[in-house]
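K.L.:
Have a look at this one.
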Amino acid sequence: MFKDQLAKEVNSRRTFAIISHPDAGKTTMTEKLLLWGKAIQVAGMVKSRKSDRSATSDWMEMEKERGISITTSVMQFPYKQHTINLLDTPGHEDFSEDTYRTLTAVDSALMVIDGAKGVEERTIKLMEVCRMRDTPIISFVNKMDREIREPLELLDEIENVLNIRCVPITWPLGMGRDFAGVYNLLENKLYLYKAGFGSTITDIEVRDGYDHADVREKVGELAWASFEESLELVQMANEPLDRELFLQGKQTPVLFGTALGNFAVDHVLDAFINWAPEPKAHPAQERNVDATEEGFSGFVFKIQANMDPKHRDRIAFMRICSGKYEKGLKMNHVRIGKDVRISDALTFLAGEREHLEEAWPGDIIGLHNHGTIQIGDTFTSGEKLHFTGIPHFAPEMFRRVRLRDPLKSKQLQKGLKELSEEGATQVFMPQISNDLIVGAVGVLQFDVVAYRLKEEYKVDCIYEPISVNTVRWVHCDDEKIFNEFKKKAHDQLSVDGGGHLTYLAPSRVNLQLMQERWPDIQFRNTREH
């Protein structure tokens, strides 16, 4: 029975993203999860400048050079009778929009915290996004094999700064050179750490209880006393893990380990299998769509141009919300009202792509995009659905783009159009000139756009400053007032890459004045796709 198979496939899926501050060890963590899922045989020493093996999930050249994840990688692998869909999000702050969109496509998230630094600014921002969607969070305190802050102090900080209740599942014994392992409070078992096995999977020694003379001797009396004292405090104060509170994003299970040392990474996967939700109902404008519905539905949350320089292609990443994809499936592209037959959908392992025979709710599939698919598009078996919650944010920095070679303006327009479609930047075309203005969240984004224009479109460009402070999407229900506004504000109006009218404000004061002068006009700082 199809319904039974659908329910079984949905129950075995876990789709989650990894979020963290840059350098907390997110890419290393991603790679070790792949190692445990047997998706890769040996872990490359991630980001090691000496090593020629760069992290598996950082596949774009610029990412390899800079050592930061700029685009979202999607990876699928099996683990203990489950299918894991792992989304690695950009760790750099300039790419918050991409991260936000990724978080609309997952059912839960893994928060990686650097044990030496604690809660950092980027983590706070990402948690705000998770809170908007009540995303369940599992926390991993990383780098236990280095000198870190006191674990109790870290828990306190997570609770106070991120406003989420911590439930330690494991508790660390020692740190840095003296790191001996973790004690699992639920199982009453001690997992012993052995250094030097970071890139392979080795059997870990597990003992019942935690008080063992040889372990005590190994870590020394001081570290042992500190461990016992903090463990006692944790056991006294620890509230039990309440799955309901966890699913509401109010409580987070906390695990300790070292991704580089490949220790306790399997605890993370087990936690997702045991506690994290399977694919749930997804909100559309019309109604909530349940994962176990038989009709197919899915939405595009990301577009990536030139994933394979050999193919000069664009791939649309789609999260399946209900039903089943199979080769040759006919689906309706709701925004343009057209039926399409998809026979060449892709599955991913960070740049390695394979054609796909079937996929189920929770899975992320790639569709070849010939310029017709946009971020936020919905595909269904025929029902007119519009999935919600995938916004464009107003950029905070602006530059005018100039060509070194004026004959390449066609390539520049094509490049900027495609890069804006995939969300790498936003493009604005003022009504009073032929200028092309790019908007970004941070400086690095400009570098990425210039780099990709050069590498992928063979266009050499330079940036010039421009007196734009911020941008707002403008809308008005009263056509007469709107036309009057368009005449008066003509010099500051532009059209974005999607053809929407925007107001380019030279200063905050100017924007405030315009809002006061034109109370019937809506000045929006986000636009849904």
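Quick reminder: no glycine exception, Cβ is built from N, Cα and C everywhere.
Here's the feature list from Swiss-Prot:
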type: DOMAIN; residues: 11-280; note: domain 'tr-type G'
type: BINDING; residues: 20-27, 88-92, 142-145; note: GTP binding site
K.L.:
Count, for each of the binding-site residues Ser20, Asp23, Lys26, the other C-beta atoms lying within 10 angstroms of its own C-beta, and report the residue with the smallest count.
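P.N.:
Minimum Cβ neighbour count within 10 Å, taken over the binding-site residues Ser20, Asp23, Lys26, occurs at Asp23.
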K.L.:
Do you know the mean pLDDT across the domain 'tr-type G' (11-280)?
P.N.:
84
K.L.:
Can you check which residues sit near Met144 (GTP binding site), meaning Cβ under 8 Å from its Cβ, same chain, 6 or more apart in sequence, and list them in order?
P.N.:
Gly115, Pro172, Met175, Phe179, Val182, Tyr193, Phe256, Gly257, Thr258, Gly261, Phe263
